[in-house]
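So that you can see what the record holds, here are the features copied from TrEMBL:
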DOMAIN    8-161  domain 'UBC core'
ACT_SITE  C92  active site, glycyl thioester intermediate
Amino acid sequence: MVLGAGPASPVSGCPEVAELEANLPCTCKVHFPDPNKLHCFQLTVTPDEGYYQGGKFQFETEVPDAYNMVPPKVKCLTRIWHPNITETGEICLSLLREHSIDGTGWAPTRTLKDVVWGLNSLFTDLLNFDDPLNIEAAEHHLRDKEDFRSKVDDYIKRYAR
């Protein structure tokens, strides 16, 4: 793959793409659908532990022109039953927030690698039932953990293979 995109690309000739590819978690794969548009890429996360083990989850990432003053835009393309990801793909991950009161939001020092590792962690240590975006999923887990696991498994079978 050619790392230099066109002059209009925010990651044009960016060593950050090479760093990202060299430092992926073993559960992640990055795919550039168009090698001339390195600012648009897909990430596949295949968790190897926890509720989501066995699923393949696709994320679409678009790096805006104002990067790295603003975070990339990320959407989950795979339907999922998750407290921090809605069924329509919105994601609750503090480092993707432009303004965060707890100081964990986006900062110009963050990189695409941080985003990938953060998304990967939503399936393990950053899985958060206490501050959910999908309140129904979080309440489901609180009410009946076995039934929650069953629904997660059903979603994996139907949407994440």
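The backbone N, Cα and C atoms fix where each Cβ goes, glycine too.
When pLDDT values are averaged over the domain 'UBC core' (8-161), the model yields 91. Cβ neighbour count for C92 (active site, glycyl thioester intermediate): 18 (other Cβ atoms within 10 Å of its Cβ, all protein chains included).
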